[in-house]
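Peer 1: My structure is below; once you've seen it, I'll send some questions.
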Amino acid sequence: MELASKSQNLFNVYLRLRPPYPGALQTERILDVEAAADNLHPSHITLNPPPDRRRAIERFGFTQVFEEDASQLDVFHCTDAPSLIEGVLAPHGGDGTDAVVATLGVTGSGKTHTILGSRNQRGLTQLAVDVIFRSISDNMVESAQSPTLDSLQACDASESTLVTAPYFLDGMNGDIPQGTYRGSGGSRSTTPMMGESTFSSQRRTLRRNSTLLNSLPYSPDVSDFVVPCDPAAEYAVIVSMYEVHNDRIYDLLTPASKSAANKDYRRPLLFKPTELSPDRKVVAGLRKVVCTDVREALLVLEAGLQERRVAGTGSNSVSSRSHGFFCFEVKKRSFGWQNNSWTGSKLTVVDLAGSERARDAKTQGATLAEAGKINESLMYLGQCLQSQSEVSAGRANVVPYRQCKLTEILFSNSFPSAAGSYSHTPRRNPQRGVMIVTADPLGDFNATSQILRYSALAREVTVTRAPSFTANTLAPSPTVSTHHTRPFGNAGFGSVRSHFSPVKATDERVTMEIAALEIARMSEEIEQLRQEIEVQSEARIIAEAHLLSTEDRMIDMEAAVREECALEFEQRLAMELARFKASMQIEKERHEEHWDRKVDILERGLDTGFEEDFDKENVLVENLTQEVERLRRENMILKRELSNRSPSKRKPLEEREDFVLPSGSGTPKHDSVTSISRKFERIKISSDVGGANGPRSPKKVRRLVARRWDEPDDV
Ligand SMILES: Nc1ncnc2c1ncn2[C@@H]1O[C@H](COP(=O)(O)OP(=O)(O)OP(=O)(O)O)[C@@H](O)[C@H]1O
């Protein structure tokens, strides 16, 4: 079973076995490490099925196997972490090479312990950070404040917001109100100096930070360990942290904000190419913290870890429910202020969530659905790891890493960027990857076997003869051990090939041997099918839980949407009603105004017509009055003339016999004139009808007019 050389793999895969849990029950060991030849490190293990299972023995090959007694420092050194760090620091000039260190394993197998350590042991992350800062301490940039910060910000390709570590830690400790970070509004203004926070809050923060630093472990010690750095360059270190949860990316250094429903809300981020990184996808929009010493970096790391999702399950009391990514970008530029452009590489340490079986983890609801997503993403990761070996062996040419966010982030930098497509960006080296698979030799057989199949660089299956059958029929014959080897890969259960070397025996014995092998092969297949059924039922349980939790979410959402719609409907109804009332009021006022105007016009019309008629009639009456006056005067003159002529004898004209009254008149002429005059007086209407009693009302005017037209018969 040949292993591909280290340089051929996108990820070198190591296996670390965890020591037994203190006080754990003594169960059958399922993993055995094979002793290495020639004092080399062991690289192969054997997976033994439990005695009650009639299954083949499987052998797996890794870059190296760490046994239970391996220390954190052993793992740090033997996984080539120092060489990865050297690649990031680029001591011989250039941008350097990105590095990824990740852990993969069943829940509770020791991934977090390996990556982040425990209460009294530092993990690979802390050790790497310590070594990085020690190695560049002489070349560290003098200050992370402006203008260094601004120049770093200008060179950042991931649309992130950079802050200094003191400012970030002040904010995380609550001395700066949430949301006032410079990134909160997308502003890229200069970070406030430390002097901006009050002296007492600085002291409080310092006290808190030093307490936290004192509680962190400092073992194992790497103080005498440095890797070379570029002597002609000054360095700055930028820390960022994020998690992939349910296939979404969330920043761990941006505090969650309260949503309308008073729940913690984090905005998911995108993994995409940007203007400054057109050929490489990056997690865009993170908050990044510029650190100038290891203490700041460790405090930022602790702050980010506080935000990470963990939960207690049946398998692990502090189980990681997301894939955590901790990034340390080492930026460098040549000494001197003339060159303000920063380049560099980054080390990413990844603590993956563990695969788990619903039955063992005893999870339910959202946590079970979460587990489904974790298992799904780990399955895709397994497929990628399997195909990387096939790619290096020339049997495949594609690693299917675009199936989920986890594999996309882990693998997208494993390949050289497309040559010549973006001439203005320098071509970057493919990253170097290390995958540490953790396993519990006393753990669950099925779960462990699944993880090892996914991740091992090589696999070999050994089928043993079915003991009950051979014991009875082949007792005298020597033990026959047949190996079914298959190259690493997912060839499928039915594809196990038998290589049978017949022994020198009778035909019957040969037939029996063949039959025994066939039975063993079929038992193996049955066992594998049984295992597959278990996996499928597990997946079904998780899918059902996912469905249920999705249904619950949908019901909640539907209720919320209904409530929102009803509220909006009521608001709109009230608004429409108010608008309708207002328009009705306006219409009413307009109508009233209209009628007022009409009445006005009518009044004015009536007034004008009446005045005109009135004037005409008054003129007529005046004329008639004058005529009557004239006649009266004439009459008087005539009477006087008459009396002057015969003052004593002559009778008044009316008494004279020759004076004839006009025909039809029963009254004397004098009476008739008087009566006409009186009548005229009666119908004469002065221009101030209504007199001094005030203005005439239109009704009165109308009545007067009516009366006037009633009277001509009398005239
Ligand atoms: N190599 C080891 N040496 C000592 N203790 C260990 C080792 N590996 C794991 N442990 C202990 O086992 C427990 C579970 O380990 P850990 O939390 O690292 O598991 P995990 O694989 O990260 O689980 P999960 O996937 O659920 O997060 C912890 O208490 C840890 O300290």
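Each Cβ is built from the backbone N, Cα and C atoms, and glycine gets one as well.
Computed from a predicted structure; not experimentally measured.
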Peer 1: For the coiled coil entry in TrEMBL, name the matching range from 250-277, 334-361, 418-445, 614-641.
Peer 2: 614-641
Peer 1: Of the residue ranges 288-315, 512-539, 540-567, which one carries the coiled coil annotation in TrEMBL?
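Peer 2: From TrEMBL, the annotated coiled coil range turns out to be 512-539.
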Peer 1: Which residue, out of the binding-site residues GLY108, GLY110, shows the minimum number of other Cβ atoms inside 10 Å of its Cβ in this structure?
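Peer 2: The binding-site residues GLY108, GLY110 were compared, and GLY110 has the fewest Cβ atoms within 10 Å.
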Peer 1: Can you tell me how many other Cβ atoms are located within 10 Å of the Cβ belonging to LYS111 (ATP binding site)?
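Peer 2: For LYS111 (ATP binding site), the count of other Cβ atoms within 10 Å is 28.
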Peer 1: Within 10 angstroms of the C-beta of VAL106 (ATP binding site), what count of other C-beta atoms is obtained when all protein chains are considered?
Peer 2: 27
Peer 1: Between the binding-site residues SER109, THR112, where is the Cβ count within 10 Å the lowest?
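Peer 2: Selected from the binding-site residues SER109, THR112 on minimum Cβ neighbours within 10 Å: THR112.
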Peer 1: Hey, what's the Cβ neighbour count for GLY105 (ATP binding site) at 10 Å?
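Peer 2: Excluding its own Cβ, the number within 10 Å is 27.
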